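Reviewing the structure listed below.
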Amino acid sequence: MPNTAFAASLFDALDRATREGRGIVRASYGPGEQAAHDIMHAAALELGLACRVDPIGNLMMTLPGRDRSAPGIIIGSHLDSVPQGGNFDGAAGVAAGLAALARLRNMGFVPSCDITVMAIRAEESVWFDIPYLGSAGAFGLLDPAVLEVRRSDNGVMLADSLRAAGFDRDTLAMQRSLLEPASIAAYLEVHIEQGPVLVEEALPIAVVSGIRGCLRFRAARCHGVYAHSGAVPRRYRSDAVAATVALLHHMQLHWDKAEARGDDLVMTSGEFFTDPAMHGASRVAGDVQFVLDIRSTSDTVMQDVAAEFRRAAAHIATEYRVTFDLGVGSYSPPAMMDAGLRQRLLSLSGQPFEMASGAGHDAAIFAKVGIRSAMIFIRNRNGSHNPDEAMAMADFAVAEDLLVRLLLDFPS
């Protein structure tokens, strides 16, 4: 049976060390993240695990297997947080990995291969505007130009942040690979769910089917004609607000049809604004800037939605006497979790439930380089990236127990 006291003590220590005001602050390559790594490192040493830190700060905590040369299993997640975040985002995965290895040791179980808990650096993009610095950097996937990116709050370059934290900027500059995909049998990640699905479904955990890709139109614009709100009849207007609202409403109807077909899809227009120097209560808006964020586990679905967005914009532009400039969409592909591992987790879990992840995770990087990957979500109330994250230890125990059962009979 899971012993939640060990994991609870880790969460308590993390909270004490990294709480600032109401929330948690563990900036990437900052003192809060380092404090979290130190806490996990000390716990791993007490468990008798073999520990090392790679040149960019990722912490590897290993339970040796019978065949040290065989491809090993990595259980990973991140320890950094957003500003004023919660205590469980990322950290739950590292704690689950250590708790699982503690149970295996207590059982006297010696795995066939090494099992390593990897505390990954700098997953959050909020600090340096680039996600997955630790995992992508470990595979040599980062453009060396990232070293010149400045931290969002203090302007310090990533290269200087690495140096100040005691790590090696040259590893990233030379795109040196620290992990070989062929040496990794699988990557497993436990993470809190960052939305409301498991709360609404009254379930403690879910198996993750895949991590949604994102096709985002970051700077779409609608150009109309500014006019007097009382003097210009509707039939003569070129109203940028009305046209953009019509376009977004059309996309909502398209979303309805996609859901009816069973497509995995979410769409968001999180930015929508007129020009504050030009708009007014008595003025027809002549310009709108907005964003459309399209996410799905299916690349085909995302591309179809983008094509519909362009087609509808052309039609509505004619109807409303405006022009749309949608710009070039930025794109990140979906990352599907391994079908065999997903099925094994569903079979082991007594209450099989599968869902897509709308947020990005380090598992996407491991899947990208061809490593079999799987994720388990834990129910979490009040959302994430805020101080009110609320994961129950009973739900954590369900996820940790599922992880242990998978490790005890790991599929080849």
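Note that Cβ sites are derived from N, Cα and C of the backbone, with glycine treated the same way.
TrEMBL names Asp89, His385 as Zn(2+) 2 ligands; from the candidate set Glu46, Glu124, Glu354, the record adds Glu124 to that same site. Cross-referencing His41, His191 against the Zn(2+) 1 binding annotation in TrEMBL, which names His78, Asp89, picks out His191. Applying an 8 A CB threshold to same-chain residues 6+ apart, the list for Asp89 (Zn(2+) 1 binding site) reads Ser81, Val82, His191, Ile192, Gln194, Ser384, His385, Glu389. When the Cα atoms are compared, Glu124 (Zn(2+) 2 binding site) and His78 (Zn(2+) 1 binding site) turn out to be 8 Å apart. Under DSSP, His191 (Zn(2+) 1 binding site) is assigned to a strand (E or B) in the three-state scheme. Less than 8 angstroms from the CB of His78 (Zn(2+) 1 binding site) sit Gly90, Gly93, Val94, Ala119, Ile120, Arg121, Ala122, Glu123, Glu124, Gly134, Asp362, each of them six or more residues away in the same chain.
In the three-state DSSP scheme, His78 (Zn(2+) 1 binding site) falls into the strand class.
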